[in-house]
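The block underneath contains the structure these notes are about, expressed in structure tokens.
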Amino acid sequence: MPGSSLWLLPPKSHRLNSILPTLIDQTSSHFGSAHRFLPHVTITSEISPSTHSPNPQAWLDSLEISSGDKIEVMFEKLASEDVFFRKLYIKCHKTEGLKKLAVLCRREVEGFGEEREAAKWATESYNPHLSLLYHDCPSIDASGLAEIEKLAQSTGVNLNGQSDLGGWSGGRLVLVPTDKSIDQWSPIAEREL
């Protein structure tokens, strides 16, 4: 994936921080994928490293994120696409706060500096989701989705956005250089929201 990405993680104290890595591990094992990664909702990608150099933390802290915006991640359902990074994921509702954050962050990507372009992208292209599987295989069929739904339920994750295990409020925005191999994807800056 070219450039860097901004990911939204659950707040440090949220129970999903310990549950979601287990679900990703079980899902990856079930489908024979070697890829493991930090549970996250991608806010935007394709940020040029020159944008946040030489001080990624200072750059992340400089983003004008309003503390008044309620940023909520609400799980909706399991889904699969024939795309490596969206092979199997939890689709999330495009809440107003999440959409506003996506617009603000997308403006940091070359070609989206104007509010209008970033807002169009957030409305037409942004698909908030939490990946459970990166894999080079066909999209997951209905029986595979049903198996992972049972796994999710056994961990307590609520795929319908209900209860505290159906998403989270706020969280941590992290900057990750995603132009490296997946096993090297680690945050280089973090900001509490």
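We count from 1, first residue shown onward.
Cβ atoms here come from the backbone N, Cα and C positions, even for glycine.
Lifted from Swiss-Prot, the feature list:
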- H40: active site, proton donor/acceptor (ACT_SITE)
- T42, S131, Y134: substrate binding site (BINDING)
- H129: active site, proton donor/acceptor (ACT_SITE)
Cα distance (Å, whole number) from H40 (active site, proton donor/acceptor) to Y134 (substrate binding site): 13
Distance from S131 (substrate binding site) back to H40 (active site, proton donor/acceptor), taken between C-alpha atoms, in Å: 7
Among T42, S131, Y134, the record's substrate binders - longest CA distance, Å: 14
S131 (substrate binding site) - helix vs strand vs coil (DSSP): strand
Helix, strand or coil at H40 (active site, proton donor/acceptor) [DSSP, three-state]: coil
T42, S131, Y134 excluded, remaining Cβ within 8 Å of their centroid (substrate): F37, H40, F85, R86, Y89, H129, L130
Listed in sequence order, residues with CB under 8 A of H129 (active site, proton donor/acceptor) and six or more positions away: V41, T42, A79, R86, Y89, I90, K91, C92
